[in-house]
Amino acid sequence: MHYYRYSNAEVSCWYKYLLFSYNIVFWLAGVAFLAAGLWAWSEKGVLSDLTKVTGLHGLDPVVLVLVVGIVMFTLGFAGCVGALRENICLLKFFCGTIVFIFLLELAVAVMAFLFQDWVRDRVKEFFENNIKSYRDDIDLQNIIDSLQRINHCCGAQGPEDWDFNIYFDCKSESKSREKCGVPFSCCIPDPAQKVVNTQCGYDIRKKSKSQWDDQIFVKGCIHALEAWLPRNIYIVAGVFIAISLLQVSCYCYDSLKKNLFADKDLLKVEVVM
C-alpha cells in the first residue's frame, strides 16, 4: 500500500501557531461563557425545571450567554484543531462560519438603516416585553438597571413605559408599594449619597411631569441608544474591521495551503503491511 506526503512542512510554523494561539483564547472564552451560563441556570433552578425558560416573556440574559458560549466553543475548537492539524475541512468550517456571522451582521446593519421605522417599532416592542418581565428574572432586572443607569434613561421611550409592568402600573389595582413609581436605576444619583437609595423612585409619577426632571431621567432608552451609536461609531467600526481581518487571515491560511499543495514535491512512501 502506498500513500503520499510532502517533502517539507506545508505551512509556516509561525503562521500556524499564531492562528492556533488566537483560537485557543477564543475556545477558552467559549468555555468560560458556557460555565457561567450553566452556573447561572443552576442557581435559578432552571436545570431541574426547563419550563422556567419558557415562562419568562422577556429576554433571559443567560440564554444569550449560553448561545454565545456554544458558538465560541465550537468555532474555537474547529480553529484550534484545524490550525494545529492543518485540517482543510475544519478550517473551511471555521472560516465559513466567521464569514456567515460577518455577513449576517452586515445585513442587519443595512436592514436597520433602510427600514429604520420598522426596526424602531421592533426595538420598542422588545423593550416593552422586557419591562413587563422586570421582576420575573433577577438577571433581566440587573441588565435593565445597568442599561438605565449607564445611559441615564428610563423606560423604552420615557418613564410612562413602566405602566407596562404590573408592579409599577398607575392604573392597576395592585397594592404594590412601587405603584406609580419607577425603578431606582431611573433616579438621578446624588453625589453626596454613598449608599444607593432603592426607594428613590417611589410615587414619582404621581407628581407633575415638571417635577420629574429634578429626580429621575426622563429620556427613553431607545433615544439614548440612538444617540450612543454616532458617538461610538469608531468602536463599532473597529469590531467589524477585527472580524474582517480574522476572515482574511483564514482565507490566507487556506489559500497558502492550496498553493503549497500545488508546488511541493510529493514523496511516494511504501507501507509494508
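Placed from the backbone N, Cα and C atoms, the Cβ positions cover glycine too.
TrEMBL does not curate its annotations; it predicts them automatically.
Per TrEMBL, the features are:
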type: TRANSMEM; residues: 20-42; note: transmembrane segment
type: TRANSMEM; residues: 62-84; note: transmembrane segment
type: TRANSMEM; residues: 91-115; note: transmembrane segment
type: DISULFID; residues: Cys153-Cys186; note: disulfide bond
type: DISULFID; residues: Cys154-Cys170; note: disulfide bond
type: TRANSMEM; residues: 233-253; note: transmembrane segment
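Taking every protein chain shown into account, Cys153, Cys154, Cys170, Cys186 are the disulfide-bonded residues, and of these the Cβ with the most other Cβ atoms within 10 Å belongs to Cys154. Cys186 (disulfide bond) is 5 Å away from Cys154 (disulfide bond) when you measure Cα to Cα. Taking the Cα atom of each, Cys170 (disulfide bond) and Cys186 (disulfide bond) are about 17 angstrom apart. Sequence-remote contacts of a segment are chain residues at least 6 beyond its ends whose Cβ falls under 8 Å from one of its Cβ atoms, and for the transmembrane segment (20-42) they are 62-63, 65-66, 68-77, 79-80, 83-84, 94, 139, 246.
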